[in-house]
Each structure stands twice: as C-alpha cells, then as structure tokens.
Amino acid sequence: IINVNMVNSTIAVDEFDYDKLGDTIGTIWYPIIYTIGFFGNFCSLATFSTKKLRQFSGCIFLLLLSISDNLFLLTTLWYFLYDTFNINLEDYSVYLCRSHIFLDTLLADFSSWCIAGLCCDKFLRTQFIFRAKEICTSKNALKAMGITFVLLCLINGHYLSPTLGQERSNGTDAHCYFSANSDYSYFLTYIWPCIDSLFFWFLPALIMILANIKVIYNLKRGKISLRNHQTKTSTEKQMIVIMFVSVIIFLITCVPLGIHRVYYDLYVIDLKKKNSKLVPLYKFQNRMLRNFNYLNFVINFYLYCLTSKVFRKQFIRVIHRLPCLKAKTQIWTSATSTRRTTMSSITTDISNHSTISTSSDYTINKTFRSSLQPFCDETEEFSEPVAIVTI
C-alpha cells in the first residue's frame with residue numbers, strides 16, 4: 001500500500017503543471033501588488049519628506065525605505081511581463097539582464113538595511129540618552145545609509161561582470177546563464193547563496209532582534225525618563241511603534257524566502273543534474289515565497305497609518321496641501337471669516353439698542369436668534385476643515 005501511494009504521489013507531481021499555476025497566480029497577484037504598493041509608497045514618500053519629519057533621523061531611514069521599496073517594485077515588472085505576457089526581456093539584451101539582477105538584489109538588500117538602521121537609531125537613542133542629539137541626527141543617518149549603499153553595490157557588483165551571460169549573436173537570443181565549468185559558476189552555485197542570504201536577511205534580522213531586545217530592556221528598566229528628558233517626544237514614541245511593526249513584517253516575509261533560497265540553490269542544483277521530477281515543485285515554492293516577500297515592500301504605509309497617530313496627522317496635512325484641496329480650504333476660511341464679521345456687526349447693532357423696553361427687547365432677541373441661525377449652521381460646517389488647515 002505504501003509503495004502504491006508513493007507511486008501515485010509521484011505521478012501526481014509529474015503530471016501537475018506548476019509553471020502554469022505560477023503564471024496564473026502571478027497574473028492576478030502582480031496588479032494587486034502594484035496598485036497597493038505604488039500608492040502606499042508614494043504616500044509614505046510624501047509624508048516622510050516633509051520638513052517636520054525630516055528633522056528626525058528615524059524618519060530619514062523610513063524615507064529611504066519608501067524610495068527603495070518603490071524602485072524594487074519597478075524591478076519586479078520583469079517577472080510580471082514574463083508571467084503574464086510571456087515577454088522575456090532577457091532575450092533582448094544581456095546588459096539589461098545583468099542590470100536587472102544587480103538592481104533587484106541591491107534594492108532588496110538596501111531595504112533590509114534601512115529597517116536595520118532604524119532599529120540601530122532607536123537603540124542609540126535609548127542607550128546613550130544624553131548624546132542622542134549629537135549621534136542620532138538626520139545627517140548621520142544619511143551618511144550611514146550612503147556608506148551602506150556603496151558597500152552593497154560593491155558586494156553585488158559581480159552581477160555586472162562580463163562572465164555572466166552572453167549577448168545576442170547570429171540570430172540567437174541573449175541570456176544571463178554562465179558556463180557550467182567556470183570558476184564563476186562554482187562561486188554562484190555554492191558560495192554566493194550563503195553570502196547573499198547573509199546580507200539580505202541574516203545580518204539585518206540579527207541586528208533588528210538584538211536592537212529591539214535592548215530597546216525594550218532600556219524602556220522597562222526605566223533608563224529613559226519620560227518627564228525630564230526631551231528626546232522622548234510623542235514623535236519618537238510613535239517611531240518606536242513603527243519600528244516594531246516594520247521588524248515583524250520583515251521577519252515574517254523575508255526570512256522564509258532567505259532560508260528557501262539557500263536550500264533551493266544548494267540542493268535543487270543537484271536535482272537538476274539528476275533531472276529530478278521534483279524541480280518544478282521547488283521552483284513553484286520559490287516563486288510563491290518571492291510573491292509573499294513582496295508584501296514587505298508594499299504594506300508599510302498602511303501599517304504606519306494603523307499604528308502611528310503622528311504619521312496619520314502628518315499625512316492628513318500633506319493631503320490638505322494638495323493644490324485642489326488647498327484652494328478649497330482657502331474658500332472655506334474666507335467664508336468663515338465673512339460670517340464671523342457679519343455675526344460681530346449684528347451683535348454690535350444689538351448692543352447699541354440696549355435701552356429698548358423688555359417686550360421690544362424680547363422681540364429683537366427672537367429676531368436676532370432666527371437671523372443668526374443660518375450663520376451658526378454654516379460656521380459649524382466649515383469649522384473642521386479650518387482647524388485641520390491651521391494645525
């Protein structure tokens with residue numbers, strides 16, 4: 001019975017078309033990711049680029065994260081075109097192929113290190129309280145991420161090597177494959193997967209976990225006084241909440257893909273040599289984990305809105321500064337000012353006739369209230385937008 005079940009499962013694996021299933025899921029998944037992702041990242045970019053938030057070093061990391069996430073989503077158009085329209089851009093130019101692999105890996109790594117940098121920033125603020133103003137500045141955050149970006153370019157620069165792929169010639173398509181017997185082939189097959197995982201998820205995740213543990217320890221130990229230390233502002237507390245959320249999303253979406261990449265590159269390569277029927281299954285698993293990993297580059301904005309009151313307020317301010325809404329709020333403000341002037345003049349006229357008899361005074365007051373009612377209604381209608389604009 002066991003042998004029969006194993007044979008049946010093997011036949012089922014052989015007959016099932018995992019590539020077609022992956023293409024179908026990708027056709028549905030990518031438009032959702034692009035719609036939600038680009039909108040959210042552009043909103044995050046507009047919010048964190050405001051003058052108020054740029055003063056905080058933590059917001060600099062989140063600003064760079066929004067830029068990196070948007071650029072990374074652009075690189076995924078490569079897979080979307082292939083899964084949906086069967087357009088393989090690799091066939092047209094080997095230089096385009098090399099650039100895509102380089103940017104895809106670089107931006108994924110850089111996004112990971114932006115979150116790690118945010119965690120380090122919060123750790124320094126809670127560990128070195130009295131020097132936080134000197135250490136955790138926007139300029140230092142930009143310098144640190146600039147150095148990180150250059151180092152990641154050097155680490156992933158081998159993808160631009162001429163040894164990777166071949167240009168179109170004599171009617172053949174270009175490709176990004178490498179010679180199976182070369183030293184570079186051995187490097188990409190057995191050494192690079194470990195190095196890539198080290199910089200993509202292992203080191204960033206390790207830094208995030210250790211930094212968060214230390215931040216929580218410092219907060220519980222009472223090392224930070226909420227009353228007598230000015231760096232513990234409302235914005236900083238909200239940044240810590242955002243940091244925790246970003247770390248959790250990173251660990252959930254990136255770590256499974258990172259582990260599977262090492263397993264896939266080191267183990268499946270041997271199965272390919274043996275022409276194993278399980279290779280399509282492992283490829284399908286890798287594609288699904290990659291699709292799930294895209295959430296790390298998409299949902300940050302929506303989590304910020306849910307968890308941070310400061311972010312929501314600043315985002316609302318950005319929305320009301322848009323040209324169309326700004327003109328409308330100016331009309332509201334003008335209308336409110338006019339009605340307040342009218343109300344003031346009516347009140348003055350009434351006070352000038354304070355010598356009227358009691359019966360006449362009752363009649364005038366009744367008339368005044370009835371004439372004032374529409375102004376009160378309109379004032380209430382416009383009061384909320386005016387309050388938002390004048391924050």
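For all residues, glycine too, the Cβ spot is worked out from N, Cα and C.
What you are looking at is a predicted structure, and each value in this text was computed from that prediction instead of being measured.
Taken from TrEMBL, the feature domain 'G-protein coupled receptors family 1 profile' covers 40-304.
Feature annotation from TrEMBL assigns transmembrane segment to 28-48 (among others).
For 60-81 (among others), the entry in TrEMBL reads transmembrane segment.
As annotated by TrEMBL, transmembrane segment applies to 101-120 (among others). Counting only same-chain residues 6+ beyond the ends of the transmembrane segment (101-120), those with a CB under 8 A from a CB of the stretch are 58, 61-62, 64-65, 68-69, 71-72, 75-76, 78, 141, 144-145, 148-149, 152-153, 155-157, 159-160, 164, 176, 196, 199-201, 203-204, 207-208, 211-212, 215, 239, 243, 246-247, 250, 254, 296-297.
Residues or ranges marked as transmembrane segment by TrEMBL: 141-160 (among others).
Annotated transmembrane segment per TrEMBL: 198-219 (among others), in sequence order. Note on the transmembrane segment (198-219): residues 105, 108-109, 112-113, 115-116, 119-120, 122-123, 126-127, 152, 155, 240, 243-244, 247, 250-251, 254-255, 257-258 of its chain, located 6 or more positions outside it, place their CB under 8 angstroms from a CB of the stretch.
Residues or ranges marked as transmembrane segment by TrEMBL: 240-259 (among others).
Same-chain residues lying 6 or more positions outside the transmembrane segment (292-311) and placing a CB less than 8 Å from one of its CB atoms are 29, 33, 36-37, 39-41, 43-44, 47, 62, 65-66, 69, 72-73, 76, 111, 234-235, 238-239, 241-242, 245-246, 249-250, 253-254, 256-257. According to TrEMBL, the transmembrane segment annotation covers 292-311 (among others).
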Sequence-remote contacts (6 or more beyond its ends) of the transmembrane segment (240-259), Cβ cut-off under 8 Å? 58, 62, 65, 112, 115, 118-119, 122, 197, 200-202, 204-205, 208-209, 212, 215, 286, 289-290, 292-296, 299-300, 303-304, 307-308, 311
